[in-house]
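Look at Swiss-Prot and you will find 102-224 tagged as domain 'MPN', backed by sequence analysis. If you look up Swiss-Prot, you'll see His173, His175, Asp186 marked as Zn(2+) binding site. According to Swiss-Prot, the motif 'JAMM motif' annotation covers 173-186.
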Amino acid sequence: MKLKDFPDEERPRERLLNTGAESLSNHELLAILLRTGTKKESVLQLSSRLLQTFDGLRLLKEASAEELSSISGIGRAKAVQILAALELGRRIHSLACKDRYVIRFPEDAANFLMGDMRFLSQEHFVCVYLNTKNQVIHKRTVFIGSLNSSIVHPREVFKEALKRSAASFICVHNHPSGDPAPSREDIEVTQRLHESGQLLGIELLDHIIIGDQKFVSLKEKGYL
């Protein structure tokens, strides 16, 4: 059954106009992006199959152009449309979260980066630099890869802090396993940066470890 054969009230575009985007399911929103189906499938069937292939939005968010276009019915043009929409969503999320964002509690720091970091396949060590009002003034990825105290050097962390005239900073890194429990290396890095910050007068407020929809604050755990 082609989309044009559906009643108006069941077509995704008409439903969006009549009831709002928030009322549409994920596969209906994706169908609007795809626009057309195949000879054998309506666009709604194609979008449903695409989501099933990637186990929903979680893995679709990480898909490459090659992975998308390898799926029957999804050529390069449709793959590019999907990737562009995903990137716009990330950028909008980034603007909403980072516009004079204030960090006062561990939850604030976790929420600031959870959307960006929870699905990363490698560990990313990020420093968030704050002014005297605890407003975010800059964010920098210092290191990508397995964390240890010899690789995360204080020089790289504090060079950016001094450049930005930061009053304090927060470290955030992810555990791709989804389990945010701190390792011995996590604790060692935290203590080393804390000691360096005391010497320079730039306080390490916390070290947040991001898991899958959960986090651990090393300050709350007593390591700072």
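Any Cβ shown, glycine's included, is placed from N, Cα and C.
Computed over the domain 'MPN' (102-224), the whole-number mean pLDDT of the model equals 92. Within the same chain, residues at least six positions away from His175 (Zn(2+) binding site) with a Cβ under 8 Å of its Cβ are Glu123, Ala181, Ile209, Ile210, Gly211.
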